[in-house]
Amino acid sequence: MTATLERRESASIWGRFCNWVTSTENRLYIGWFGVLMIPTLLTATSVFIIAFIAAPPVDIDGIREPVSGSLLYGNNIISGAIIPTSAAIGLHFYPIWEAASVDEWLYNGGPYEIIVLHFLLGVACYMGREWELSYRLGMRPWIAVAYSAPVAAATAVFLIYPIGQGSFSDGMPLGISGTFNFMIVFQAEHNILMHPFHMLGVAGVFGGSLFSAMHGSLVTSSLIRETTENESANAGYKFGQEEETYNIVAAHGYFGRLIFQYASFNNSRSLHFFLAAWPVVGIWFTALGISTMAFNLNGFNFNQSVVDSQGRVINTWADIINRANLGMEVMHERNAHNFPLDLAAVEAPAVNG
């Protein structure tokens, strides 16, 4: 009898836990994805803060020349970063127990792996949690689909690119200047500015910003006034009301006269789908571009493609970019190798023709 009661009590505790996790009445929805998201993001955040403040220098290139990234070792907020795991580790899974000591683990950049892997798992669970909450509330799943764009971008930069290049040391450092360094080196090695998928991503981000600003300004400029001139227009509305708060016909008419008739939307659902899809698709393409360049399928190369009737090279903007890329590549990992890979080839490419 006692055993039966204990089993029932145990089952009820588990049942209460399940109900609490999946309840949409909580101030913050937990969800089953949240059960995994919370510890992974807390781990990533905690290790990041501690390492950013106090981590010792890391031998990023695997040549016994450690690079300092933390505040206590001479950096500031701008120059500080979590230095990627050493090239000596490569793509090996490198938890603390794989190192001979904590000092060795820190020297080889172990914190970078633990942060990145927990972070990627955490943001993927956050995306799943968005879908889960939408499902519980009877909503459509497009919020999670939109969030998949930054998740794909982060996965491309922190996981796919290191896999393609053969080492976590090629991942993006976790800091402000480290991010810019990653961008410069990426341009030098992969000519990303000449990759069409990156161009689509730029159009998506800047276009999305423009369209959001246009939409917000049009809506706030065409509110339906429910109050007198002596009261704020905001006082005429309440959260969740069924009536329209702005006049889309007026906004459509204004914008149609400002540009031309078919440049504006007269359907609210089409408009908001466009506002969501434009930047999301652009960032998807950028993530796909990073993932292809990870395996050295690089941007277009038009170097020395224009010649005169006598075969002499007429320099174009592509040749200027090529020269800049070589300069950036020479500066990168200057002690790890004497020449960038394309200069160290059997036949170096001519720059001046």
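Placed from the backbone N, Cα and C atoms, the Cβ positions cover glycine too.
Sequence annotations record features per position, and here Swiss-Prot assigns N-acetylthreonine to Thr2.
Sequence annotations record features per position, and here Swiss-Prot assigns phosphothreonine to Thr2 based on sequence analysis.
Long-range contacts of the transmembrane segment (29-46) within the same chain, counting only residues at least 6 positions beyond its ends with a Cβ under 8 Å from a Cβ of the stretch, are 20-23, 114-116, 118-119, 121-123, 125-126, 128-129, 131-133, 136. Annotation comment: Swiss-Prot describes 29-46 (among others) as transmembrane segment.
His118 (chlorophyll a ChlzD1 binding site) carries a helical DSSP state (H, G or I). The feature chlorophyll a ChlzD1 binding site is assigned by Swiss-Prot to His118.
A Cβ distance under 8 Å defines the sequence-distant neighbours of the transmembrane segment (118-133), meaning residues of its chain 6+ beyond its ends; these are 24, 29, 31-34, 36-37, 40-41, 43-44, 47, 139, 141, 143-144, 147-148, 150-151, 154-155, 158-159. Swiss-Prot lists 118-133 (among others) with the feature transmembrane segment.
DSSP assigns Tyr126 (pheophytin a binding site) to a helix in the three-state reduction. The annotation pheophytin a binding site is assigned in Swiss-Prot to Tyr126.
Annotation source Swiss-Prot lists transmembrane segment at 142-156 (among others).
Under DSSP, Tyr161 (site 'Tyrosine radical intermediate') is assigned to a helix (H, G or I) in the three-state scheme. Annotation source Swiss-Prot lists site 'Tyrosine radical intermediate' at Tyr161, citing sequence analysis.
Counting every protein chain shown, the number of other Cβ atoms lying within 10 Å of the Cβ of Glu189 ([CaMn4O5] cluster binding site) is 20. DSSP assigns Glu189 ([CaMn4O5] cluster binding site) to a helical segment in the three-state reduction. Taken from Swiss-Prot, the feature [CaMn4O5] cluster binding site applies to Asp170, Glu189, His332, Glu333, Asp342, Ala344.
For His190, the entry in Swiss-Prot reads site 'Stabilizes free radical intermediate', with the evidence type sequence analysis.
Sequence-distant contacts of the transmembrane segment (197-218) (same chain, at least 6 residues past either end, Cβ-Cβ under 8 Å): 251, 254-255, 271, 274-275, 278-283, 285-286, 288-289, 292, 299. Per Swiss-Prot, the feature transmembrane segment maps to 197-218 (among others); the stated evidence is sequence analysis.
Among the features that Swiss-Prot reports, chlorophyll a PD1 binding site is placed at His198. Around His198 (chlorophyll a PD1 binding site), the same-chain residues at least 6 positions away in sequence with a Cβ under 8 Å from its Cβ are Ile192, Thr286, Gly289, Gly299.
Around the Cβ of His215 (Fe cation binding site), the same chain contributes Leu271, Leu275, each under 8 angstroms and 6 or more positions distant in sequence. The annotation Fe cation binding site is assigned in Swiss-Prot to His215, His272.
The quinone binding site annotation in Swiss-Prot covers His215, Ser264, Phe265. Note: Phe265 (quinone binding site) has non-local neighbours His252, Leu271, Phe274, i.e. same-chain residues 6+ apart with C-beta under 8 A of its own C-beta.
What Swiss-Prot records for 274-288 (among others) is transmembrane segment. Within the same chain, residues 142, 145-146, 148-150, 152-153, 155-156, 197-198, 200-205, 207-208, 211-212, 215, 265 sit at least 6 positions outside the transmembrane segment (274-288) and bring their C-beta atoms closer than 8 Å to a C-beta of that stretch.
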Counting Cβ atoms within 10 Å across all protein chains shown, which of the binding-site residues Asp170, Glu333 comes out on top?
Asp170
In terms of DSSP three-state secondary structure, what is the assignment for His198 (chlorophyll a PD1 binding site)?
helix
Given the binding-site residues His118, His272, which one's Cβ is surrounded by the fewest other Cβ atoms within 10 Å?
His272
Name the residues of the same chain, 6+ apart in sequence, whose Cβ is under 8 Å from the Cβ of His190 (site 'Stabilizes free radical intermediate')?
Met293, Asn296, Asn298, Gly299
